[in-house]
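Taking it in order: structure first as structure tokens, then the write-up.
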Amino acid sequence: MQSKDLVQLAEQFGSPLYVYDAEKIQSQYSRLTKAFSKVEKLRINYAMKALSNVAILQLLKEMGSGLDTVSIQEVLLGLHAGYEPEKIFYTPNGVSLEEIEEVNAMGVQINIDNLSILEQFGTKHPNVPVCIRINPHVMAGGNANISVGHIDSKFGISVHQLPHLVRIVENTKMNIVGIHMHTGSDILDIEVFLYAAEILFDAARNFKNLEFLDFGSGFKVPYKKDDIETDIEELGKKLSKRFNAFCTEYGKELTLIFEPGKFLVSEAGFFLAKVNVVKQTTSTVFAGIDSGFNHLIRPMFYGSQHHIENISHPKGKERFYSVVGYICETDTFANNRKIAEIKEGDILSFRNAGAYCFSMASNYNSRYKPAEVLWMNGEGHLIRAHETFEDILKNQIMLPSALATV
Ligand SMILES: *Cc1c(COP(=O)(O)O)cnc(C)c1O
């Protein structure tokens, strides 16, 4: 979609605003399925924590996607969006046995990532088909917070604990139907991914009733010009070949599952904010926008780079700016960034605002969360209304007057 469309949407729906390009989500989905077209049974489960608006879930469902969920509330949203329970996968970490049982009762595929719960669940429900999350301990991921496969990670059951795991499965007579891994975000090196896949195959050889292997996600997307991204086509070629060979060895056509979040929605998203103030100090020029880390926390949380453009005046002379928010705490979106000359009132557009942006937004400083718009067939569809003061007050309970006057 084009900058002039974004400017028009900011005028129509106000700022700050999240906009998602449906076509980009669809083309990323197709790219992934095409890269793995040699695999007979392929399934994509969209990791909905990246962007969980029900309209986005509907769009992906239309394309044939399943869902990867990490909480019972995400499962409920998925069901609400019309997904069959069989199309929903539940991969929690550190949740209670009760929540896992509740989700299982809804007919959703559960994935267990620690031996304690595995033993308790298996003893109570030996016949339920269960997937287990392995930690292959390969170092991947662009940042310590998003790298989840390494040795000190809290995620998954260590491959070094496989003998113990197998003993639990034999003792409880559990039905293990899948093996899962998710090594973290931002995988650059395909060889590392393939190496982790071999560890998954090794683990799989311990189980006789498998139906699928789930390779998680972690595909890196480009954030700036000339940025490197995971070569999906190359990964598709190499992993498909290995996967098909493994199926032959195993004696059964297994389903290959991926659970991408970022890959499907990151580049489809634009965050639009208006410049309230241009402030010249002795050291820099600040562009202060009508937003903050309450709406987009990734730069402050992960140090991630979101490309920023002045879409109101894209042709202006480029100057250096520090783009900051209005939160009463330092909330810098970008330092010393070259942007076409900014005037107060201009709309700035942040790229890669589809994944982990709105879904991490909060009401900090008692601000409203932004509205969300889906751009589809050349038209903007409102998929989340602006909040109002009612939303801020909702669930808050005033003290009774007798107490308040003490
Ligand atoms: C977050 C998550 C994903 C998605 O990761 P992306 O980097 O957004 O693709 C997939 N699987 C699990 C289990 C996750 O927790």
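Placement of Cβ uses the backbone N, Cα and C atoms for every residue, glycine included.
TrEMBL annotations:
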type     : residues                       : note
ACT_SITE : Cys328                         : active site, proton donor
BINDING  : Gly218, Tyr356                 : pyridoxal 5'-phosphate binding site
BINDING  : Arg298, Tyr302, Glu329, Tyr356 : substrate binding site
DOMAIN   : 18-354                         : domain 'Orn/DAP/Arg decarboxylase 2 C-terminal'
DOMAIN   : 24-266                         : domain 'Orn/DAP/Arg decarboxylase 2 N-terminal'
MOD_RES  : Lys49                          : N6-(pyridoxal phosphate)lysine
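Feature annotations (TrEMBL) mapped to structure.
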| residue | record | Cβ neighbours (10 Å) |
| --- | --- | --- |
| Lys49 | N6-(pyridoxal phosphate)lysine | 17 |
| Gly218 | pyridoxal 5'-phosphate binding site | 30 |
| Arg298 | substrate binding site | 19 |
| Tyr302 | substrate binding site | 16 |
| Cys328 | active site, proton donor | 9 |
| Glu329 | substrate binding site | 11 |
| Tyr356 | pyridoxal 5'-phosphate binding site | 24 |
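Of the recorded residues, Cys328 (active site, proton donor) and Arg298 (substrate binding site) place their C-alpha atoms 17 Å from one another. Across the domain 'Orn/DAP/Arg decarboxylase 2 C-terminal' (18-354), the prediction's mean pLDDT works out to 93. Between the farthest pair of Cα atoms in the substrate binding residues (Arg298, Tyr302, Glu329, Tyr356), the distance is 21 Å. Among the recorded positions Gly218, Arg298, Tyr302, Cys328, Glu329, the residues whose Cβ sits under 6 Å from any atom of ligand 1 are Gly218. Put simply, Glu329 (substrate binding site) is 21 Å from Tyr356 (pyridoxal 5'-phosphate binding site) when counted between their Cα atoms. Between Arg298 (substrate binding site) and Lys49 (N6-(pyridoxal phosphate)lysine), the C-alpha separation comes to 14 Å. Distance from the CA of the residue listed as 'N6-(pyridoxal phosphate)lysine' to the CA of Gly218 (pyridoxal 5'-phosphate binding site) is 13 Å. The two recorded residues, Glu329 (substrate binding site) and Lys49 (N6-(pyridoxal phosphate)lysine), have Cα atoms 26 Å apart.
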